[in-house]
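Database features, via Swiss-Prot:
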- GLY32, ARG35, ARG116, ASP159, ARG162, ARG165, ARG168: ATP binding site (BINDING)
- GLY32, ARG35, ARG116, ASP159, ARG162, ARG165, ARG168: CTP binding site (BINDING)
- ASP45, ASP47: Mg(2+) binding site (BINDING)
Amino acid sequence: MKITNLPEVFTAALPVLKRINEAGYEAYFVGGSVRDLLLNRHIHDVDIATSAYPMEIKQIFKKTIDTGIKHGTVTVLYEGESYEITTFRTESGYQDFRRPDHVTFVQNLSEDLKRRDFTINALAMGVDGNVIDHFDGLGDLDKHLIRAVGKAENRFHEDALRMMRAVRFMSQLQFTLEPETERAISDNHELLSKISVERIRDEFVKMGIAPGSQKAFQIFLDTGLSEEVPGFKGKKDNLALYPQLNFSPTTEANLWALMIILLKLPNEKIPSFMRMWKNSNAMERQVADIVTFFDLVSSRAPSNYDLYQAGLETIASTIDLAHILGQPINGSALVDRYEALPIKNNHDLVIDGHFLLKNGVPAGPRVGLLLEEIKKAVLEGVISNNEAAITEFLSLNN
């Protein structure tokens, strides 16, 4: 197959390949960028593989960075862009089931492509636009298949994270997992426990917020991968609802909120669950806010003060979450009520703590408590948001 109409991300990099070729070496675009080109997907950047050794690349280009030179990768700075260029290589000895103990540079593109994870990622393209396909990646693209290169078990022993990448690609591309590859995941799912939680989390999130997440999540459950991640062991029955949902979460926060709801975790367990997954404090707070507000609107109509405390972002996330779970909720009414609030944050209130101190409220915890009482009164329409009304309120409540 020859591609003649290349997008700018490729044409901008062509001079880099040509310069390597002119120096007497092979160079190709490889991996996900070639796959996404063939699928007409957005391409963020390109990866380049070459027969040239790292020191030879450094001689060809003036500006380089030793990104991972021991493993054959040099970053070339060219025309304001950076390109990762990696020498053809083979790998061996994966004692940690993640990184190779030994890397050997080779001169053969086919040997380099053999170490790739899936056939659709083992494609290469030269400066002439010809696609090189040694493992029927083009056929698997046509069939919408995720298939391991060579023997799947070997690929997963080399890097156990590839099992999560398989279900992630399923979800993102809305492809099917090839049966032998799926069987190899089922047989080796325990290896996932060797991988850092952060890396698993990143793949899980990408899987969970992609359009094909329901089918991918079913494989995630069926193969036993779910048993190897934080907080999911023995919870298959709880999580089995996910593949039956009509919609996927579109944000990371809603994905975690959905997991917490499906797992039936009480609010006090949310922090420990989020920390097990190595989430940030900001994400933990955001998810806790969504779950708390979701529980509230599931049990009663929220007050104006509830809407104020939640904020528009949490309200919108809760509406999306209810939609995903098929729960009836008048989302537009909630948003309209929020937009009509007399104040939406502390700065909207015409007074602050200094005003209270000037009006005879003694310094201490009472100042903060009284501010909240005033906000509630303003939000519920008991008083107007002006100094005169608030002063009168103070005279009656202080």
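Sequential numbering from 1, following the chain as shown.
Each residue, glycine too, has its Cβ placed from N, Cα and C.
Positions of Swiss-Prot features highlighted on the structure.
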residue: GLY32; record: ATP binding site; Cβ within 10 Å: 18
residue: ARG35; record: ATP binding site; Cβ within 10 Å: 23
residue: ASP45; record: Mg(2+) binding site; Cβ within 10 Å: 12
residue: ASP47; record: Mg(2+) binding site; Cβ within 10 Å: 18
residue: ARG116; record: ATP binding site; Cβ within 10 Å: 23
residue: ASP159; record: ATP binding site; Cβ within 10 Å: 22
residue: ARG162; record: ATP binding site; Cβ within 10 Å: 28
residue: ARG165; record: ATP binding site; Cβ within 10 Å: 19
residue: ARG168; record: ATP binding site; Cβ within 10 Å: 25
Over the residue list GLY32, ARG35, ARG116, ASP159, ARG162, ARG165, ARG168, recorded for CTP, what is the maximum interresidue Cα distance in Å?
21
Please report the distance from the Cα of ARG35 (ATP binding site) to the Cα of ASP45 (Mg(2+) binding site), rounded to the nearest angstrom.
12
When DSSP states are folded down to helix, strand and coil, where does GLY32 (ATP binding site) land?
helix
Can you tell me the CA-to-CA distance separating ARG162 (ATP binding site) and ASP45 (Mg(2+) binding site), as a whole number of Å?
21
List, in sequence order, those binding-site residues among GLY32, ARG116, ASP159, ARG165, ARG168 whose Cα sits within 10 Å of the Cα of ASP47 (Mg(2+) binding site).
GLY32
In whole Å, how far is ASP45 (Mg(2+) binding site) from ARG116 (ATP binding site) when you measure between their Cα atoms?
18
How big is the gap, in Å, between the Cα of ARG168 (ATP binding site) and that of ASP45 (Mg(2+) binding site), rounded to a whole number?
19
List, in sequence order, those binding-site residues among GLY32, ASP159, ARG165 whose Cα sits within 10 Å of the Cα of ASP45 (Mg(2+) binding site).
GLY32
